[in-house]
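Okay, so here's the structure we're looking at.
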Amino acid sequence: PSCHRTSSECSSEGRSEDEESRTRLIDRIAQNDTEGYSTVEAPRAEGAPFSLPAHLYPDEVLDDLTISPYASFTSLSEPRPTMLSGWLDKLSPQGNYVFQRRYVRFDGKNLLYFSSEKEPYPKGVIPLSVIEMARSTKDYKFQVITSHRIFVFRAENEAQRNEWCSTLQKKVMEQRLVGSRPRPANTAHCQKSGILELKGQKSKVFAALSLPEMWLYKSEQFFKMGIAMCFIEMRGCTIREAKSRSFELITPSKTFSFVAESEREKREWMEALQEAIAEMLYDYEVAEKIWSNKANKYCADCWAQSPDWASINLCVVICKQCAGQHRSLGSNISKVQSLKLDTSVWSNEIVQLFIVLGNDRANRFWAARLPAPEAITPDSGAEQRRDFIARKYREGRYRLPHPHYATQEEVLQTLCTAVAGPALLKTILQFFSSSEASLVSDPAASEVAPGADLCPRARDPGPEGVYNEITQPVTHSGYLHRATAPPKLPGAKKSKEDFQRTWCSLERALLFFETEKCTEPLGHIESGDLISLGVSRAHQALTSPGPTERFRFTLELFLTGEKVQQLGTDGPETLQAWASAIGKWFTPVSCHCLLGYEFQRVGQLRYKCMLNPERWQQAFFILQKAHLFICPAEEDGAEDSINLRRLQELSLVPPTETPEKKELLILVEMGRTFYLQGLSRADSAAWYSDIQASAGGWGNALRDQQLSRGDIPIIVDSCIAFITQYGLRHEGIYRKNGAKSRIKVLMEEFRRDARNVKLRISDNFIEDVTDVLKRFFRELEDPIFTLELHPQWKEAAEISSKPQRLERYKELIHRLPRLNHKTLAALIGHLYRVQKCADLNQMSTKNLSLLFAPSLFQTDGKGEHEVKVMEDLIDNYVSIFNIDEDQVSQMDLENSLITTWKDTQLSQAGDLIIEVYLEQKVPDCCVTLKVSPTMTAEELTNQVLEMRNVAASLDIWLTFEALENGELERPLHPKEKVLEQALQWCKLPEPSAAYLLVRKVPIGEGSCLFTGVKRETPKCGLLKCREEPPKLLGNKFQERYFVIRDRRLLLLKEKRSAKPEREWPLGAAKVYMGIRKKLKPPAQWGFTLTLDKQHLYLVCSGQAELWDWTTSILKAQHDDLRPVILRRRSSSDLAKQKFGTMPLVPLHGDSTDATMLSANQTL
């Protein structure tokens, strides 16, 4: 073969420097003196730093950002994720605030909850990849937050709650850095997916086969959310065909019976599952690790590619054909194991041995004297292969002589003993190192071509040794232009005449010499003196050449003592080389993976975060494009990253307002708050400037925009929120044009910093905002529908069959980039909302399509096909984007509320901004605040009292829902969700006559709501009653006997009656204190009970009895809740309060205008 080389060629070339350094490395490993090398005797230190992976960049392609295979392998020795299990209460998603007892288990990858401890399969699975955060709440509860849903669990005590919360949050943080890729949101990543019927399940399920499991979801919507019912591991399963369209998946603990939608689907499912089960018999982990040494990608005997077998004692990786011949030698000569099947024998130490040694070095011993004509190839026959392997290993005909073992039997015996004994890695490496010493002195070795050079690797020069990055120190040298005096201002550019060309050498210190031949340095910088490193790349053209011309590529070294050293370079390549070298020189290893690529700044900062808000920590930060990476210097710190495009807040607190009298930088991203502080004034200013620049929007590409919490551009989110609030009733919305000058100014403000643009009805015109929204899409670098898919959208519009046309639209939407997909869904949802109010704004689907198609497709004029696509998307928004009924109902309620009730507003964050009155409905007692979907009546009460500075006392305050201008008042149970009640007001004849009222109630009458004491006997007594529509009780007030029992109100003929005449469920009932005056109640102490399509009017004998009945009904409805803790929040409590998905700490924003609030402000 062409890869054979003569002995003269070999001797003339010798071994490369790379081979020599690798030999030295193996020698050091054999002596166990390599610092940080993971062996059985020297295990990897607990808490040792690790490298950041490439998938922290979901929107960028960094294919070459790799960690060394060896470093990748040592991660296998990390401990398994913490296992946590136990009984918890889980809040049911079916409303009514019902907690259900569940056995919950966290295995490090998924949070699973079961009906019982013995159930083999869970009722629900929350993958770690979809969990955004876990946080503690009151009453021993904690929340597991995903992007689509909040799961609420309740523990038995605070310690148990804290253990669950801290364990989950720790894993969430780890996953962001080194975890698995988030579960795909489309079927392209699955081997098979689709709808199936599952025996024992009422409705059909959506199944997705994604190795190594088959996942079951309630629907395709849940699949996209990533929240599953359960998953079935394919390992150990079998498939059995059943009658008709049925088939069974048999697991060791349960049999799943499925019914496909057709015979064809059944066959496809069975074939896919059979292939998956077969694939699960293989384990590629060991093979991938061993193949990380390129020499192991070829068989040590015949050089076939991708060998997946090995001889453990001979230390060679071989192909399947050669493995068969090795077995025929007997296990006393060759112990053959599969890299994929026999994974149990592959200990960490054995894998390390094969990675470090490699086929090339093993063959320098076994095939050192192999004549080229006797070598075999992948095409060699079985007999030729058998004879060759016998000569090579049984007889040892081609091997080097070993200085310690004279015969082949002794060599084989020694290797067999070594692989079964202790210190395997050290022993075998010493064996091969000793034998190589004889290569130089053995004259026979030069008579034939070295067997190692038969490897195809010799034809393809390999890269540097894969372990060099671990063992080699950071060194760099070259000429740079050094500033002779520090800049007057941080970041200030000096002219070239202020720089002196200097030879720089980076070793233990950064040394400056006049020339490369000088031995006395002009100055030096120690690594401990360097606080941060800034990298400046000026991409704009130079406008002032000559003596004042400035360096376009510079480094800024911020040192202790407020010193700054500037260095200029001649080009981007030199700049990057020096930036990477200096960055790795003064940072820990965990930073090095990122420092090989362009970055703006790296250095140390002090920081505080939500996980430990009282304690300042110190860490290394790397600013790379729009990401800020955190690599803590302390062992107990967690690595993290912040996406600066998703910031809700970026603000600088002056020194006069901080306890430490130092500037404080506040970053709030997706509900997380970080406080940053530089180690010097100059360093702080430089970090703030660079972070602000990285966090701003730039360019017209969608990926370069600042993003909202919903992961869509803030400009789109803000405009949609403003138009939804104030434009739904506006006639001709989107058709009427705004003023060009105002539109230009507003567009520039959004382009400069969309995060700080606040739209107010007092300052902005609706027509200007609608034009800005259309202009944004029209000026995008690539249309929202993408130029690539434009022809396919036109083809889809020509499909005559509507179901097929809509299905094609769905396919094209799934092919859009994620950001395009989410932004398009938000916009179409908004237009769907606008056309639902067409009777008010006169904007039908056709009108909206004609106006938006040219902007979204960026076509000249009104393309017929584009308009058709827009019409279909708007009219079929619910089905195309898989919007569930609850979301549609919510949208209709909001539309009705916004268009009929003047006192409501919708914040950009999606929370409702409403007015609440304290004690009486007068303007002076009004408080405007934001009500999130999760806010309870108790939280609202405490917040109103705090905002009005009501002194804390033992008084009991409750929130009331007042209807008909206060004629009816309903006390809300402290745990009721306020927003759920407020959204119902749009159904009233006069929505504006409803409001919320917070007032004090007598402690003897309201205190029972705040205790866990239950009645020993059911509440019962005589009440005067009337019902509408009149049935058994008629339309006059009659005295009857009532009992509250088992969440039901019972009407008894007499006190001793065993069977009630009538009964009403109280679960969905509402109790209002008061009866409309037109009904002429016989006394003033009455209450109204609203039921489904029916009203009961009940009159008591006095105020005490009225309160007794009212609170009894409330407690009956909420008897499954833990008792409410009666307390008032302090100011610090309010600071930590969380509304909806807002952060746990207050955000800073402009509060000068309450008419329209920013999404970044908490009241």
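From the backbone N, Cα and C atoms, a Cβ is placed for every residue, glycine too.
Database features (TrEMBL):
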| type | residues | note |
| --- | --- | --- |
| DOMAIN | 81-173 | domain 'PH' |
| DOMAIN | 189-278 | domain 'PH' |
| DOMAIN | 275-410 | domain 'Arf-GAP' |
| DOMAIN | 598-696 | domain 'PH' |
| DOMAIN | 700-881 | domain 'Rho-GAP' |
| DOMAIN | 910-1003 | domain 'Ras-associating' |
| DOMAIN | 1016-1118 | domain 'PH' |
| REGION | 1-23 | region 'Disordered' |
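In the domain 'PH' (1016-1118), the DSSP tally of helix, strand and coil residues is 18 helix, 42 strand, 43 coil. Helix, strand and coil residue tallies for the domain 'PH' (81-173), in that order: 19 helix, 42 strand, 32 coil [DSSP]. For the domain 'PH' (189-278), residue counts in helix, strand and coil come to 23 helix, 37 strand, 30 coil, using DSSP.
In the predicted structure, the domain 'PH' (598-696) carries a mean pLDDT of 83. Under DSSP, residues within the domain 'Ras-associating' (910-1003) fall into helix, strand and coil as 31 helix, 34 strand, 29 coil. For the domain 'PH' (598-696), residue counts in helix, strand and coil come to 21 helix, 46 strand, 32 coil, using DSSP.
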